[in-house]
Amino acid sequence: MKASAKTSQFIQAPSIPGPHEGYMPGFGNDFETEALPGALPQGMNSPQKCNYGLYGEQLSGTAFTAPGHQNERTWCYRIRPSVKHTHRFKRVDLPYWKSAPLVDPDVISLGQYRWDPVLQAGGTTWLTGMRTMTTAGDVNTQVGMAAHVYVVTDSMVDAYFYSADSELLVVPQQGRMRFCTELGIIDLAPQEVAILPRGLVYRVEVLEGPCRGFVCENYGQKFVLPERGPIGANCMANRRDFKTPVAAFEDREVSSTVTVKWGGQFHVTQIGQSPLDVVAWHGNYAPVKYDLNTYCPVGSVLFDHPDPSIFTVLTAPSGVPGTANIDFVLFRDRWMVAEDTFRPPWYHKNVMSELMGNIHGQYDAKPKGFVPGGMSLHNMMLPHGPDRMAFEGASNADLKPHKLKDTMSFMFETRFPQHLTPFAATEAPLQDDYIDCWGDMPKLFDGTPGVKG
Ligand SMILES: O=C(O)Cc1cc(O)ccc1O
Ligand SMILES: [Fe+2]
């Protein structure tokens with residue numbers, strides 16, 4: 001695949017190996033990083049004059065008075081204050097990037113749905129290539145989420161974006177992208193994920209295209225690591241495997257645009273320079289990436305299939321304990337060892353809504369039809385489970401230890417019903433025959449005791 005033009009023009013301290021290699025480990029740590037020596041004030045946030053003539057500016061990710069363990073903010077030392085970047089807005093239309101609430105009377109959302117991978121002609125950027133599949137909750141009251149699929153072929157050139165509405169969890173499935181952000185650079189490939197915090201300005205470059213993947217747009221409280229409970233201090237996602245970029249900045253005076261998502265609408269402003277001009281920063285509100293292959297799955301070691309919450313990578317709380325606004329759940333390669341057990345996911349009806357995407361390989365409950373790049377939706381209280389082929393295979397399998405190889409799928413699970421967008425219902429490659437995968441499930445019951453089928 002052809003690499004698109006690269007536009008990164010960052011300046012970093014000579015000791016830092018290179019934009020794509022400079023990351024700091026930890027989740028929610030208090031980091032400090034500077035791209036020029038001495039740019040970061042020590043012992044205080046607001047000196048009368050900052051070194052290098054920089055401006056000090058705070059980015060508040062939570063309310064000032066949020067409890068200490070949730071309070072997130074970052075102090076930026078930048079060439080210009082952000083207010084010089086973003087004013088005099090004009091409304092722009094990005095017709096495929098939708099926000100909740102969006103309940104189209106012509107669209108039926110209840111049901112079991114599955115889509116083939118979305119394909120698109122070229123010429124799309126991070127903004128124009130975003131296609132909303134479902135929305136849930138309400139962007140204005142900051143509850144719920146949207147699930148998107150993107151196809152991106154072109155880099156954003158002198159064009160920048162931020163979402164005031166949401167943090168974005170990015171799950172690439174194909175291609176490689178670079179997120180050039182105010183706080184540093186994240187390179188992202190399939191089987192990695194990134195979180196772009198609410199309010200953070202960035203542009204997206206295509207390193208190897210076309211790029212396709214999924215985005216969970218979280219309108220609510222930020223993603224955190226789930227409680228491990230009796231599992232203890234280790235396994236599942238470990239904090240040190242999350243990587244936050246070191247400071248990197250651009251000092252470029254060139255006519256540019258900043259597009260802002262705010263209240264479900266998009267607005268653009270024209271500026272005369274790159275807004276990625278943060279030379280140094282410290283704080284705990286920052287973008288992060290995570291390699292899904294570092295996720296240490298814990299599962300059944302004797303019998304039965306535990307609830308999939310055992311595979312939660314990240315959870316965005318809703319305010320109701322244990323009932324997430326969003327859980328991000330990973331089904332990766334692992335050993336299946338349970339004895340005398342139907343090993344795939346059980347048949348299920350759920351108060352939560354389950355949107356799944358396939359990143360790589362085959363999913364055990366759906367050996368056919370749920371392909372990499374594809375998505376499925378099993379909405380609130382809509383039954384689902386293994387298809388006939390998976391049921392028959394697993395009911396008759398020789399239950400020796402078996403490794404599920406070449407498999408990586410995920411779930412965005414929300415407590416709110418997910419509403420299909422018109423794009424998901426009509427333009428996207430919806431599989432009309434999806435529910436037929438259960439249509440010919442045989443009746444095995446014949447009134448007599450004993451094992452059947
Ligand atoms: O395949 C699914 O739809 C998700 C799922 C996974 C699992 O391990 C148990 C139940 C369930 O619905
Ligand atoms: Fe389920």
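Just so you know, glycine gets a Cβ as well, placed from its N, Cα and C.
Caution: TrEMBL annotation is automatic and unverified by curators.
For 23-292, the entry in TrEMBL reads domain 'Homogentisate 1,2-dioxygenase N-terminal'.
The feature domain 'Homogentisate 1,2-dioxygenase C-terminal' is assigned by TrEMBL to 294-443. For the domain 'Homogentisate 1,2-dioxygenase C-terminal' (294-443), the predicted model reports an average pLDDT of 97.
Residues or ranges marked as active site, proton acceptor in TrEMBL: His305. In the three-state DSSP reading, His305 (active site, proton acceptor) counts as coil. Its own atom aside, the Cβ of His305 (active site, proton acceptor) has 16 Cβ atoms within 10 angstroms in the protein chains shown.
Counting Cβ atoms from all protein chains shown, His384 (Fe cation binding site) has 21 others lying within 10 Å of its own Cβ. Classification of His384 (Fe cation binding site) by DSSP places it within a strand. The Fe cation binding site feature in TrEMBL is assigned to His348, Glu354, His384.
Annotation source TrEMBL lists homogentisate binding site at Tyr363, His384.
According to DSSP, the domain 'Homogentisate 1,2-dioxygenase C-terminal' (294-443) comprises 24 helix, 52 strand, 74 coil.
Just so you know, the Cβ of Glu354 (Fe cation binding site) picks up 22 other Cβ atoms within 10 Å once every protein chain is counted. The 6 Å Cβ screen around ligand 2 retains His348, Glu354 from the recorded positions His305, His348, Glu354, Tyr363, ordered by sequence position. By the rule that a residue counts when its Cβ sits under 6 Å from some atom of ligand 1, the binding-site residues His348, Tyr363, His384 yield His348, His384.
Other residues of the chain with a Cβ within 8 Å of the Cβ centroid of His348, Glu354, His384, the Fe cation site, are Pro345, Lys349, Asn350, His378, Leu382, Pro383, Gly385.
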